[in-house]
Amino acid sequence: MSKKELGLALLLVVIGGITAALNPLFLSGVNLLNMANLIGLFGIFAIGQGLIIITGGIDLSVGSMFALLGVVLVDLLVNFELFWPLAVLATIGIGLALGLLHGLLVTRLKLQPFVVTLCGLLIYRGIARYYTQDSTSGFGYAGDIDTVSWLASGRSFGIPNPFIIMVVVAIIMAVVLHRTVFGRYLYAVGRNEEAARHSGINTDAVITGAYLLGGALAGLAGVLLVFYTSSVSPSSFGSFYELYAIAAAVLGGCSLRGGEGSILGIVLGTVLLQILQNLVNILGIPSSLNFAVMGGVILLGVIADQQLGQRKQRIQLSRAQGHAPAE
Amino acid sequence: MAPLLELEGIGKTYPGVRALDGVSLHLDRGEILGLIGENGAGKSTLMKVLGGVVPPSEGTLRIDGQVQESWDVPAATRAGIAFVHQELSLFDNLDVAGNVLFGREPLRGGLLRLVDRRATREKVAPILQRLGADFTPDTPVAELSIAQRQLVEIARALAAEARIIILDEPTSSLTLSETARLLTVVKELRADGVGLIYITHRLGEIVDCADRVVCLRDGKMVGALRREDIAHGTMIRLMIGRELRSLYAPPANPPGEGGLAVRGLVTTAFPGSAVDLHIRPGEILGLAGLVGAGRTSLARTLFGIDLPLAGEVRLDGKPLTLRGPRDAVAAGIYLAPEDRKKAGLVLDMPITENVTLASAPDYTRGGLMVHRLERSAAEKQRQGLRIKAPNCSVRAGTLSGGNQQKVVLGKWLSMAPRVILFDEPTRGIDVGAKGEIYALMRALSDRGVAILMISSDMEEVLGVSDRIVVMHEGRISGGLDRAGFSEQAVLRLAIGSRHEAEEAHA
C-alpha cells in the first residue's frame, strides 16, 4: 500500500469514526450492507474509468451508457424473453463495443477523449430516450429472471453480491494493472505516449484496450444497476454517474494527466464517496447539500495531495542531487 | 560615453554545474558583437541572464553605465533588450501586426480596451518597409516562411524600440539567400545605432558582419577577436581551445558485411529526394548536415515512426517492412532520439522500468511481470554503463542529461541491438560525460553493432566517426573516408556543393 492509499484509508477511518460518533446508526448492519452494495455497484465502473484515466483519457459517457444498456437489457428480458445469460452477455457486449468505438475514435482519428465521450454522453442518452419514448421500463411480470436478479442484487454469506463481484473485479484488474505487461504499458502510455511509441509499444492498441475494459466494466455495472433499481427511466437512469466514477478515481490518486493511480486507490476513492453520500443522509444534513459536500471533500483532498506531492518531489530532487552532484 | 551594455564577472552556478564563470563583455551602440562557442559552452545561459530569465549567481550588469540592481524580464525589456530566437516564438494564429505589437497593442474605446486595428497596421507597416519585408501587416503568420517569420521577430524587436537585439542562431533554418538578406538587415540596424549580439555556429556569417567576436568555452570567456583578426581558423582555435582534439578510437576490427542498407528511401520531409545509405556492422557512420537537412526524418523513417514514401531497407540482406517502431525494434534497429526527455524516456518512471520498457514481455513468468528479473537487468545496465544514481528505483527525470542518455542506451543494450541510430547523442551533455558516451558507442560497434550517429557538433562528427556522410536538403550530398575528414569538406557538402567531395560509399 502506498502512502497515498494509506492516507486515503486513514481519512476513511477518521470520517467514518466521526460519523459513527455523531450517529451510531452509521455502523448498523442495515446501513453497512446498503453502503457495501452501492460501493460494489459504483466501484466496478469506477475501476473502468480509472484505467481510462491512467492512459490520459476520460470517459464521460458512462452514465448515458447505463441508460442505453439498461433499456436494452430490460427489452431483451421482458419483450424478447431472451434467456438471461444471453441477455446479460449481449448487454456487456454492447458496452464492450461502445468502448471499442471510443478507443478507435481516440486512437485512429486522433480525437480528444473528452470530445468523443461527451458526444457518447449525448448520443446514448438520446437513443435510450427515443427507443423507449421516454417511458420507464421495468421487469413487471417478466419470466425467468429470479436467478439473475439474485446474482445481481442478492446476498451471499450475508454480503451483497455486487460488493463481492466488485472485489473480484478489483483483484483481477489489480493483477492486470500492476503485474502484467499490459498494465505497465498503460502507465507508460499515460505518462509519455511518445516515449512508449519510441520503445516499440503499440500505443494505439494499449489505449484502445483501456477503453475496451472500461466499456466491458460499464456493461457489467449497468446490468447490476438495472437489477438494483429494477426499472429504468431513460432520462435519469445513471445520470451523473460518470462524474462519480471520475471523482472516485481522482480521489483514489489518479491524475487526469494520466500515468498515475492504482486499483486499490480507486476502490478506496469509491468507498470514501459512498461514505460521504451516506453521511449526508445519516447526519441529517439537507440532501440538497449532497453534491456540495462531495465537491468540497474532493477539492480538499486534491489540494492536500498536491501539496504533499510537491514536498516529496523537492526532497527527492535534493536527495538525487546529493548523490550525483555532477557528471 | 559609457558602453550600451556591460557585463562584469557574471557567474551562474546550477546545482553541481558551473554554467558561467566570471564572464565579462561589453557592447557599444552601432556594433555587432559575434558570440561563439561550442554547444554547452554557456551561450544560452548567458543570454538567459541577459534577458532577465535567470538571475546570475554573481557579477554586475550595467546599462549605459548604470549598475542594474534588480534584473528581471521586465527590467530587461525596459532597458530595450530584445531577442530573436532560434526557436521562433510567434503566434501563428495571429497576423503579422498582431505579433509585432503583441502586449503593446494600441487601444481605443476607453475602458473597453479594444484593439485599435487600424493604428496597429499603421504602426507596423513602416517597420516592415524598413526591413524590406515582402508581406503586409495583415498577413497571417501561419502563411509565412521561416525566413519571413524571422523578420517578424526582428520587427517585434524594433517595435519595442529595442536598443540591444540578441540574435540567437537566427539563420539555422534559413537558405543562403535568406541568410544574405537577414545579414543586410542586421547591418542596417547597426547603421541605425542598435547594438547587436549575434550568436551562431556559422562562422562565415560572423566573418561577414561582426565588428568584434567573443568566445565562450565551458562557461568562461576565453578570448576576443578584433575585426581584423576574425577568421575561421582563429575562431575555431578559440572555441575548442586547441587544435581539434583527437576523440578518435579506431575500431577493433574492420567493418563486417551486411548491416543496414538503404536504397532509394524517400521520406515525407523531402518527397523529392531519395537517400542511399549503408551502415556496416562494426563501424560508426557519422551523419552530418545543417539543421533541417533531413537527417532526423531519415532516422525517424528508419525507426518506423514516419513511413517511407518509397525505397527499400535491408538488414543483413533481408528486406524489412517498417510499419512502425515495433517492426524496427523487433528487427534490432533502435533509436536514441534527439529529444531524450520527450521521446527517449518516461521521466516519471524509475530507471528499472525505463530500461525494461521496450522488452517488458521478457521479464514475465506466466504472463506476470517479475520485478526481481527487471531489477537485476536494470542493475546490470546501471553498473555496466556507470549510471550515476544511488539505485535503480530513482526516477529517470531526476538524472542529469548524460545519465539520462545512458538510461536510454541501457534500454536498448538490455536487448539485442543490430543497428543503433543516435540522433545528437551528446546534445546538452557536458564534456566529461560526452567522452563516456563516445566510448560506449565504440564498444557497441566493436561488438558488431552498426551505428549511425547524427550530429551537428563538428568536433564530434570528425572525432568519433569512422566514415561520414553528409546530407543536404533531403539527399546525401557526399561521403568522406577518415583520410578525407576535414571541417571544410564537411561544411562544403553540408551547404550542398559537391566540389572535391567523393561520392557516398553507400
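Note: Cβ is positioned from N, Cα and C throughout, glycine not excepted.
Per TrEMBL, these features apply:
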- A:36-55: transmembrane segment (TRANSMEM)
- A:86-106: transmembrane segment (TRANSMEM)
- A:113-131: transmembrane segment (TRANSMEM)
- A:163-187: transmembrane segment (TRANSMEM)
- A:208-228: transmembrane segment (TRANSMEM)
- A:240-256: transmembrane segment (TRANSMEM)
- A:263-285: transmembrane segment (TRANSMEM)
- A:291-309: transmembrane segment (TRANSMEM)
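Most Cβ pairs within less than 8 Å of the transmembrane segment (A:36-55), among stretches A:86-106, A:208-228, A:240-256, A:263-285, belong to A:208-228.
Nonlocal intrachain contacts for the transmembrane segment (A:86-106), taken as residues 6+ away from its ends with a CB within less than 8 angstroms of a stretch CB, comprise 57, 59, 61, 65, 68-69, 72-73, 76-77, 80, 112-113, 116-117, 120, 124, 148, 207-220, 222-223.
Counted over residue pairs 6 or more apart, the CB atoms of the transmembrane segment (A:208-228) and the transmembrane segment (A:240-256) come under 8 Å in fewer than three pairs, which marks the two as apart. When Cβ-Cβ distances below 8 Å are used as the criterion, the transmembrane segment (A:240-256) is approached by residues 2, 4-5, 8, 42-43, 45-46, 48-50, 53-54, 58-63, 66, 117, 121, 262, 264-270, 272-273, 294, 297-298, 301-302, 305 of the same chain, each at least six residues removed from its ends.
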